[in-house]
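Colleague: Swiss-Prot feature annotations, pasted as is:
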- ASP256: active site (ACT_SITE)
- HIS51, HIS53, LYS133, ASP256: Zn(2+) 1 binding site (BINDING)
- HIS53, VAL54, ARG55, ASN85, HIS260, PRO274, GLY275: substrate binding site (BINDING)
- LYS133, HIS158, HIS193: Zn(2+) 2 binding site (BINDING)
- LYS133: N6-carboxylysine (MOD_RES)
Amino acid sequence: MWIKGKAYYEGEIKEICINFDRSIKEIRANCKPDMTFTNEELILPASVDLHVHVRGAQLSYKETVATATSEAVYGGVGVIVDMPNTVPYINTPERIKERLREFQLYSRTDYGIYSGVSKEVEEIDKLPIAGYKIYPEDLEKEETRYVLEKSKKLKILHPEMPFVSKIERSLRRSYWMETAAINLVKGNMHITHITNFETLQLAKSMGFTTDITAHHLVVDGERDCISKVNPPIRDYVTRLKLFLKGLFEVDCIASDHAPHSKEEKRMNFDLCPPGIAGVSFSTPYIYSLMFKGLISIDRAVSLLSGNPSRILNIPTGKIKEGYRANFTVIKRENWRYTTKFSKVTETPMDGFSLDAKVTNVIVEGKLAFDGENVYPIRGVNIFDSSSRS
């Protein structure tokens, strides 16, 4: 298949033709295209979200693989990586295989999964996973030592101390809860959903890769259960500093998409589960900043596609021959954010004014989203080398 249009290619915006099946075969100036995009549209590498809670399995009342990945392509995301804290918890070879089968049947994006920490690390390491997720409570477990010492795969850390769940939320506001946790880990480590600039500086100085979420930049405080999240939304000054400085030093943007049912989010604040569903917000938000002139296109593509692909070591994130044929097409258009395909219908970003609109998404060379509809394509496990042929 050939497509033609303006694209971000080799660090510039150029009018090009791209030939592909599941991977990009050829790029040249002229062709007889099967699909042509307008002058208002821009072809970009599809976004890669390395921190998503898909739910599914026994938590399908919150979200399913189909609804989460449909919401992802609506938001311009071509690869998601799923966290293990569903029910049942994913940290055995058998459960990993079951989880991968669930994705194989229902995912509209390319995908990967993390395992939880486990003493079965040698067997799990043989499976096509993205790596391991380390939660605060894991820092006290013997299984975590096994993972840190025996696996060379990526480890992704939720940077808070183990005892944070036992104290008042307001006391977690101090950034030392994050920095103290970072000092307990080593190796091929990624520090996720950082909420303040000091934590980011420390993580980078230790050679770790990093991400921040869009909601930790734009949401104005924890006003109710809809905006309750872990780690918590910080004060205005902390968020402003993270935006003004952190956005230019962090490696990537991740959504930490964490859906819950409407009934759960209507519980008393002390009882309702933390989590914001934002897998479809990150990409239009970052490209809106680009259209406003606040960040460059190079920086935007790096945050959403290039750097997460590098961190995960997967062949995405660039429009380049041999890379996966995963594209996000956007145009400049003002609109108000809302979820569309997720089971979650309320987020603290609802009504947020955006200037970038996703018009098309192609995953594995197939049209996954056309601006209105999501199509039942099947993504592949991007960490399984046999799926890349």
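The first residue you see is number 1, and the count goes up from there.
From the backbone N, Cα and C atoms, a Cβ is placed for every residue, glycine too.
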Colleague: Please list, in sequence order, the residues in the chain of HIS158 (Zn(2+) 2 binding site) that are at least six apart in sequence and whose C-beta is under 8 Å away from its C-beta.
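Modeller: In sequence order, the residues whose Cβ lies under 8 Å from that of HIS158 (Zn(2+) 2 binding site) (at least 6 apart) are LYS133, ILE134, TYR135, PRO136, ALA181, THR192, HIS193, ASN230, PRO231.
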Colleague: So, three-state DSSP: helix, strand or coil for LYS133 (Zn(2+) 1 binding site)?
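Modeller: The three-state answer is strand.
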Colleague: Hey, of the binding-site residues listed (PRO274, GLY275), which one tops the CB count within 10 A?
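Modeller: That would be GLY275, with the highest Cβ count within 10 Å.
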Colleague: Per DSSP, to which secondary structure element type does HIS51 (Zn(2+) 1 binding site) belong, with helix, strand and coil as the options?
Modeller: strand
Colleague: Sequence order is fine: just name those recorded positions in ASN85, ASP256, PRO274 with a Cα within 10 angstroms of HIS53 (Zn(2+) 1 binding site).
Modeller: ASN85, ASP256
Colleague: So which other residues, same chain and not among LYS133, HIS158, HIS193, have a Cβ within 8 Å of the centroid of the Cβ atoms at the Zn(2+) 2 site?
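Modeller: What remains near the Cβ centre is HIS51, MET83, ILE134, TYR135, ILE156, LEU157, PRO159, THR192, ASP256.
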Colleague: Between the Cα atoms of ASN85 (substrate binding site) and HIS51 (Zn(2+) 1 binding site), what distance do you get, rounded to the nearest Å?
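Modeller: Roughly 12 Å, rounded to the nearest whole number.
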Colleague: Note the Cβ centroid of HIS51, HIS53, LYS133, ASP256, the recorded Zn(2+) 1 site, then list each other residue of that chain whose Cβ lies within 8 Å of it, in sequence.
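Modeller: What remains near the Cβ centre is VAL52, ASP82, MET83, ILE156, HIS158, THR192, HIS193, ALA254, HIS257, ALA258.
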